[in-house]
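Over in Swiss-Prot, the protein carries these features:
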COMPBIAS  331-349  compositional bias 'Low complexity'
DISULFID  Cys107-Cys184  disulfide bond
CARBOHYD  Asn12  N-linked glycosylation site
CARBOHYD  Asn197  N-linked glycosylation site
MOD_RES   Lys293  N6-(retinylidene)lysine
REGION    326-349  region 'Disordered'
TOPO_DOM  1-33  topological domain 'Extracellular'
TOPO_DOM  59-70  topological domain 'Cytoplasmic'
TOPO_DOM  94-107  topological domain 'Extracellular'
TOPO_DOM  131-149  topological domain 'Cytoplasmic'
TOPO_DOM  171-199  topological domain 'Extracellular'
TOPO_DOM  222-249  topological domain 'Cytoplasmic'
TOPO_DOM  272-283  topological domain 'Extracellular'
TOPO_DOM  306-349  topological domain 'Cytoplasmic'
TRANSMEM  34-58  transmembrane segment
TRANSMEM  71-93  transmembrane segment
TRANSMEM  108-130  transmembrane segment
TRANSMEM  150-170  transmembrane segment
TRANSMEM  200-221  transmembrane segment
TRANSMEM  250-271  transmembrane segment
TRANSMEM  284-305  transmembrane segment
Amino acid sequence: TEGPYFYIPMSNATGIVRSPYEYPQYYLVYPAAYAVLGAYMFFLIIFGFPVNFLTLYVTIEHKKLRTPLNYILLNLAVADLFMVIGGFTTTIYTSMHGYFVLGRLGCNLEGFSATLGGMIGLWSLVVLAIERWVVVCKPMSNFRFGENHAIMGVTLTWVMGLACTVPPLVGWSRYIPEGMQCSCGIDYYTRAEGFNNDSYVLYMFVCHFLIPLVVIFFCYGRLLCAVKEAAAAQQESETTQRAEREVTRMVILMVIGFLVCWLPYASVAWYIFTHQGSEFGPLFMTIPAFFAKSSSIYNPVIYICMNKQFRQCMLTTLFCGKNPFEEEEGASSTKTEASSASSSSVSPA
């Protein structure tokens, strides 16, 4: 059922469909489902906010973390905070009411904030992959990665994020309630007259999913080849072989994290776009959105907390200036000292 600035994925033959801006949507799912949605958003906030805020705080506290290669990690933390503050808090409030109680303006603001945070996070992973490839594989022999390059990378993420999220505010597509009608996103559902949804969805799918996917696979594929070649040249070195295994495991983890975050959402959005008019349950789009929003937790875990340098500084900050695991961390780093330069450049952080 399509109405002004909303789309409900069910027929209104019985006359029960109501505007998600004005009435609870309990006819879509049981009221308990909205409580589960609110609880899940609360879970993302209480875990996502501290770990991302701590990343920024620890970087301010420890000068050695303020290196050009870490700029993009800080940007990733900012993007996740944008999602947490601008998107998740709103969804908790609306799920308590069972509909998008904040109206059309609130839908635009929530859809813009959550999508912008997600897009900046996505492009941060792309820039991170490019930076690791450039530093480790050295495709440009005389190139030296510096602060200006790091700032350019961060700027690119915001430009691409805004290039994705601003058009729906000015008439190229639009933000509408989606899933259980308690949060807003891009209109993949309709071909509403005057919004050119078809061209926008194609642009979104190609420029903000396929291209990032290809770039990430290419960069990490080349990086793995470079690490394996280095390990093959030093077959006698146990530390090099261990470093290769660590890097391989980390790259696989990073790629899986990206796919878990964006593949379900992009696939379902594309299916809905190509099967417009067909009926589907409200959970059909809600569940993939859960995966995308969960990135505010597992992105910092993969890319920041698994970074030895960040982890040591975080523990030092949390334990008031002393890292209780310092001896273990030191022993671990000593074992891989011979390959520390390459592994630190490769690891997600």
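Cβ atoms here come from the backbone N, Cα and C positions, even for glycine.
Since we're looking at a predicted model, the values are computed, not measured.
The structure, with features from Swiss-Prot marked on it.
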residue : record                      : DSSP class
Asn12   : N-linked glycosylation site : coil
Cys107  : disulfide bond              : helix
Cys184  : disulfide bond              : strand
Asn197  : N-linked glycosylation site : helix
Lys293  : N6-(retinylidene)lysine     : helix
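Across 150-170, 250-271, 284-305, the stretch most heavily in contact with the transmembrane segment (200-221), judged by Cβ pairs under 8 Å, is 250-271. Contact check: the transmembrane segment (71-93) against the transmembrane segment (250-271) gives fewer than three Cβ pairs closer than 8 Å, residues 6 or more apart, which falls short of the contact criterion. Cys107 (disulfide bond) sits 17 Å from Asn197 (N-linked glycosylation site), taking the CA atoms of both as reference points.
In space, Cys184 is the closest of the recorded positions Asn12, Cys184, Asn197 to Lys293 (N6-(retinylidene)lysine), judged by Cα positions. Under DSSP, residues within the topological domain 'Cytoplasmic' (131-149) fall into helix, strand and coil as 10 helix, 0 strand, 9 coil. According to DSSP, the secondary structure content of the topological domain 'Cytoplasmic' (59-70) in residues is 9 helix, 0 strand, 3 coil. The Cβ of Asn197 (N-linked glycosylation site) has Ser173, Arg174, Asp187, Tyr188, Thr190, Arg191 as same-chain neighbours under 8 Å, each 6 or more residues away in sequence. Recorded residues Cys184 (disulfide bond) and Asn12 (N-linked glycosylation site) have their alpha carbons 21 Å apart, per Cα-Cα distance. In this structure, Cys107 is the one among the disulfide-bonded residues Cys107, Cys184 with the smallest number of other Cβ atoms inside 10 Å of its Cβ. Same-chain residues lying 6 or more positions outside the topological domain 'Cytoplasmic' (59-70) and placing a CB less than 8 Å from one of its CB atoms are 131, 135, 145-147, 149-150, 309-310, 313, 316-317, 345, 349. Taking DSSP states H, G and I as helix and E and B as strand, the topological domain 'Extracellular' (272-283) has 4 helix, 0 strand, 8 coil. Around the Cβ of Asn12 (N-linked glycosylation site), the same chain contributes Thr1, each under 8 angstroms and 6 or more positions distant in sequence. For the topological domain 'Extracellular' (1-33), the DSSP-based tally of helix, strand and coil residues reads 3 helix, 4 strand, 26 coil.
All chains included, 25 other C-beta atoms sit within 10 angstroms of the C-beta of Lys293 (N6-(retinylidene)lysine). Mean pLDDT, taken over the topological domain 'Extracellular' (171-199), works out to 90 on the 0 to 100 scale.
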